[in-house]
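Remarks on the structure that follows.
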């Protein structure tokens, strides 16, 4: 990559697929409100294209894509579709209210996929490309075509497919490393060959889409840029199937930090990266690893004495970017029980959080309640309150009260009161430990067949009065959901997380009914 001046920078299109590919990882199901919150933040931070879902997959996905298309102000909204007429028609319908809509259609091209998944000949797949891309272009002006498993596709055949897609009206050509197999050298070379050999390649933008199975997703994406691609498909925090996707925040900050060798501009407001990371982490219920590049808790932490000495003398001795450049503030101890509405609203604005009047009122009341129980309320506490409000806005099952008897002798006992579908239920149950008793009490009120697959606890902030954040993953049949709950009381946080998971199962059409004998 050659050095260049600022004025010569190429524009790289950022295509975010957090709400589609990111949500495909097990347990990452988001509610409609959570998807809307993520989409609105992505739109505000400057993401060019938001792939909002797979409209044919379910009514919920169709509704999410349609609603996001109506709500977003500047981003192009894309709907995914297989190379099937019904899929393409459904995607077109879902994005028709967008300021700018895109249909993203795909078909397998590798020999192994054609033989064992598609069971089609190469010529038959070419015909499918011609027909389905033409259909999509009749519905929208902006059509993206993807060659599924491109990196394991014969290069001669890949060029034939790309030429056919562009000839049929595709405006973007995506060559994904679907199984995370390629190396950066191979991936960049593939783009150079295709662009050189396909006669109409100048009529489309080329796109990268990399999976992280070998830990090369970001490196491969950047190599694709060097090969001539000008769109990068990525997800916040790198969430996605298997080992995940290329991480948006890593892509953007790599380009910004190494502008000397990567002369590109992404148009992203990088000061919103940390907030986006936290929002997606909570909505998808996937914690960010502490040593995650850019947005991990330790990304700007220095413990080594030599490093600390250098940082105190000059920050650039060990930091290649500033915390402020990704939205991290050095101040956090400013809110308490005496803070009023104006101060709280100002703090939300500082954190990049926008709420409706009703949402603000509810979160402010929760903040005052928390401030009465905690000496200091940190930014992370406020973010947890907001995220919990967004996640539970339309819950069928809500926790009203919980008391637990625990000690070194005898069984632990939990007494719980919940509201479900507007009715109040009370039950008590024993357990082998207080958490077991809490979960047993929930099961007494809401019988279900879901299996607990994960239970984790960590502190949101420091100190003995810190809020506990509990993660719970439940599996019912083939459906797996993950949910979180936060509270200074670990047992209350556990109950909130478990009930939130049940609410997600309910939203996914898993049948849940309260025991009528417990009605009070």
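A Cβ is built for glycine as well, from the same backbone N, Cα and C atoms used for every other residue.
For reference, Swiss-Prot has these:
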DOMAIN    12-274  domain 'Pyruvate carboxyltransferase'
BINDING   21, 209, 211, 245  Mn(2+) binding site
REGION    398-520  region 'Regulatory domain'
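Within 8 A of the CB centroid of the Mn(2+) site residues 21, 209, 211, 245, the other residues of that chain are 17, 176, 178, 210, 212, 217, 233, 234, 235, 240, 241, 244, 246.
Averaged across the domain 'Pyruvate carboxyltransferase' (12-274), pLDDT for the predicted model comes to 96. Residue 245 (Mn(2+) binding site) falls within a strand segment according to DSSP.
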